[in-house]
Amino acid sequence: MKIKAISLDIDGTITYPNRMIHEEALQAIRKAESLGVPIMLVTGNTVQFAEAASILIGTSGPVVAEDGGAISYKKKRIFLTSMDEEWILWGELKKRFPNVKTSHTMPDRRAGLVIMRETIDVETVRKLIKELNLNLVAVDSGFAIHVKKPWINKGSGIEKACELLGLNPKEVAHVGDGENDLDAFKVVGYRIAVAQAPKILKENADYITQNEYGKGGAEAIYHILEKFGYI
């Protein structure tokens with residue numbers, strides 16, 4: 001099945017390590033768009049951030065935010081869940097670990113907690129979820145710990161975005177660098193891991209870039225365009 005769209009993680013995939021957008025990735029994205037290949041930004045960040053990034057970067061596809069819990073396309077936002085058990089977990093975390101912190105973006109979020117990974121480790125969060133018998137999962141993105149419902153992930157978000165585009169998810173290639181990109185890999189037709197990605201992501205990739213971070217993201221986009229006959 002021919003790839004007709006590309007979904008891209010943002011942090012670490014089209015950026016420098018400091019999260020600034022990489023010029024080569026920006027050029028590659030605009031090349032893909034000029035060839036009629038829509039780019040979907042897929043991020044754990046807020047829908048507001050993703051919408052702004054899409055405008056500034058110049059992507060035409062839907063944006064998938066909050067690790068799949070929020071989709072925005074043509075000025076319409078769709079939220080796939082709400083938070084309830086997440087707040088139960090957060091209350092218990094604060095009691096036991098007073099120094100634990102959430103992201104400053106939490107007031108804008110509606111689909112999950114984002115906990116700063118320098119204030120607690122993901123295994124501690126997972127143990128507490130199990131102890132409290134909550135129907136939640138904790139995933140380390142490499143930048144933060146995302147806590148959400150099990151059915152909320154980048155894969156389910158991409159599936160919903162594809163409905164809006166009229167595409168089969170197998171017609172999408174996904175590029176990412178974190179553990180939270182695994183769910184995207186499960187639904188798309190072609191998978192690329194950026195060079196600094198964890199071993200488990202690389203093991204499930206069809207292609208691994210030679211370059212890291214945004215330079216690797218650019219390499220991935222050009223690889224897709226060449227492999228599927230766009231250039």
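If you go along the chain as it appears here, the first residue is 1 and each next one adds 1.
Each Cβ is built from the backbone N, Cα and C atoms, and glycine gets one as well.
As written in Swiss-Prot, here are the features:
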type: BINDING; residues: Asp9, Asp11, Asp177, Asp181; note: Mg(2+) binding site
type: ACT_SITE; residues: Asp9; note: active site, nucleophile
type: BINDING; residues: Lys154; note: substrate binding site
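Sitting within 8 Å of the Cβ centre of Asp9, Asp11, Asp177, Asp181, and not among those site residues for Mg(2+), are the Cβ atoms of Ile10, Gly12, Thr13, Ser141, Gly142, Val175, Gly176, Gly178, Asn180, Val194, Ala197. The most crowded of the binding-site residues listed here (Asp11, Asp181) is Asp181, judged by how many other CB atoms sit within 10 Å of its own CB. Long-range Cβ contacts of Asp177 (Mg(2+) binding site) within its own chain (separation 6+, distance under 8 Å): Asp9, Gly12, Thr13, Gly142, Ala193, Val194, Gln196, Ala197, Leu201, Tyr213, Gly216.
Sequence-distant neighbours of the residue listed as 'substrate binding site' (same chain, 6+ apart, CB under 8 A from its CB) are Ser7, Asp9, Val42, Val64, Asp67, Gly68, His174, Gly176, Asn180, Asp181, Asp183, Ala184.
In three-state terms derived from DSSP, Asp177 (Mg(2+) binding site) belongs to neither a helical nor a strand segment and is classed as coil.
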